[in-house]
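Features as listed in TrEMBL:
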TRANSMEM  66-86  transmembrane segment
TRANSMEM  92-114  transmembrane segment
TRANSMEM  161-178  transmembrane segment
TRANSMEM  185-207  transmembrane segment
TRANSMEM  227-249  transmembrane segment
TRANSMEM  270-292  transmembrane segment
TRANSMEM  359-382  transmembrane segment
TRANSMEM  388-409  transmembrane segment
TRANSMEM  429-447  transmembrane segment
TRANSMEM  453-473  transmembrane segment
TRANSMEM  485-507  transmembrane segment
DOMAIN    486-536  domain 'Cationic amino acid transporter C-terminal'
TRANSMEM  513-531  transmembrane segment
Amino acid sequence: RIVRRAGSVTTTYEEMSRVRARSGPDMARTLRWPDLVGFGLGGMVGAGVFVATGRAARLYAGPAVVVSYAIAGLCALLSAFCYTEFAVDMPVAGGAFSYLRVTFGEFAAFLTGANLIMEYVFSNAAVARSFTAYLGTAIGVDTPEKWRVTVSFLPKGFNQIDLLAVGVILLITICICYSTKESSVLNMVLTTIHIAFILFIIVMGFWRGEWRNLTHPADPAKDAGGFMPYGIGGVLNGAAMVYVSYIGYDAVSTMAEEVSEPTRDIPVGVSGSVALVTVLYCLMALSMSMLVPYDAIDVESPFSGAFKGSDGWGWVSNVIGAGASFGILTSLLVSMLGQARYLCVIGRSNVVPAWLAKVHPSTATPVNASAFLGLFTAAIALFTDLDILLDLVSIGTLFVFYMVANAVVYRRYVAAGTGSDANRSWPTAAFLLSFSLAALAFTLLWHCTPTGIAKAALLAVCAAAALSLLTAFRFLVPQARKPEFWGVPMMPWIPAVSIFLNVFLLGSLDGPSYVRFGLFSAAAVLVYVLYSVHASHDAEENGDLLMKVGDSEARIVAGAGDGASKV
């Protein structure tokens, strides 16, 4: 059963017809590109940027943190292109899970999807608890003393009950269960307020800041001067640190099933939101670098700390706390929308209980998945003190970005359903594996070897090897298919660069991130072996994976028309 199901792939048409029909009623197609841009901005611009900027500037990049944000934004845009090709070609709610299932099979999709959902749940719980802290800062309240209940007999880290965080999660859960369009309106309002706070911070930075701080440290005798005091290596390390601020745009792709015109709205919504966020982040980084010399930045609260020492400007710290609170609400709303749609589509494949896939006929939203994950997240946020959002890049999300970049290359060069699959698949698979190994070797050398001529030479060899592999693949292996509506430009260069950069970013994570990823992956494999593979196998044997009894599928297949014939 494992051999039969683990590598089983579906087609695009199956994902959009038979598989989607298992949810019952269709999700309402009410979203346009402004909604997607709003969701992208809301998902990305959270509280993380307020801390990540200070840490990257003080410890790695100096004033050149603005360049670090530009590099990280480019990386995010390349990954967004890969997501966009899949989302336009296959506008379903499953996001990366569906993309990997039509490319690499059920097991790869389940493993990455399960890790992504766990990362969503744990980080959302941490986000909700941080909302309590930032709101307390905004109004001058000592959060642990006033708004959290300490239970003495529980172990440290689990002994502070946060009822406000639970309340926020439950309210957002009710909102996303009620209507996606109304959730979009709420997100747009909150995001607009949050962006207004950010623009206020940027204006204050340019007004109160000094250009000389971009090149002159506070203590020239101790710290290096110049725009790049840590060199180009520090700028790249800074880019790896601030990349966490861009995570969130992937949730937009999970709403593809609710977009009225996917071929137009998805490319504008996904890529446009990443581009706008990159501009905002670069301006924030520049304004902070102008306010305070890089060696005097408060690592934990860089923007608030920049104003606390100024006479008559301490109130700006409270404004920053209020702005961060709105950012937390928007990122929480978008993340919870995304996680519910991931789980809904995973339920359609029967690898988790099928009732999680049901769409409510009145609200046209995945109510079961939304309510289940909302309650699960609230239970964790109630008592668990999680410090994941601001200290650790989401390894599960980066792994999914890496897998999607591989999948878009594989799908372009290996045409499913043709007799030449075997002939086409092995050179593509060999290239992807070899290129990933070259990127891994570069990453290990970058992080583990001492600075010097030998290190530079070895890095050059790895980069040359990766470039040679990419060039040979580009000219020796022809593409097997062309996207009908929208495709990643400069194939395979852009997804290959995305693969390389994601491997580099994964190499920047610390030990606890990999421990958590290993534990989640082991748990996911156990669930798949003990339950999922049997549930999906039995569903196939009973015909549930081949045929849906009911009006919904008949309506979808009947309405497919020429598209079905074309497939």
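Each Cβ is built from the backbone N, Cα and C atoms, and glycine gets one as well.
Keep in mind it's a predicted model, so treat the numbers as computed, not measured.
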Cβ-Cβ under 8 Å with the transmembrane segment (161-178): same-chain residues at least 6 beyond its ends: 124-125, 128-129, 131-132, 135, 147-151, 186, 329, 332-333, 336-337, 340, 360, 363, 365, 367, 370-371, 374-375, 377-378, 381-383
Chain residues in Cβ proximity to the transmembrane segment (66-86) (below 8 Å; excluding those fewer than six residues from its ends, i.e. six or more beyond): 53, 56, 60, 95-96, 98-99, 228, 235-236, 238-243, 245-246, 249-250, 253, 266-267, 270-271, 274-275, 277-278, 281-282, 285-286, 289, 401, 404-405, 407-408, 483, 486-489, 494-495, 497-498, 501-502, 505
Per Cβ pairs under 8 Å, the stretch of 185-207, 270-292, 359-382 packing most closely against the transmembrane segment (227-249): 270-292
Cβ-Cβ under 8 Å with the transmembrane segment (429-447): same-chain residues at least 6 beyond its ends: 406, 409-410, 455, 458-459, 462-463, 465-466, 469-470, 473, 477, 496, 499-500, 503-504, 506-508
For the transmembrane segment (270-292), sequence-distant contacts whose Cβ falls under 8 Å of one of its Cβ atoms, 6 or more beyond its ends: 33, 36-37, 39-41, 44-45, 49, 53-54, 57, 62-63, 65-66, 68-70, 73-74, 76-77, 80-81, 83-84, 87, 195, 198, 201-202, 204-206, 208-211, 213-214, 218, 242, 245-246, 249, 252-253, 302-303, 305-307
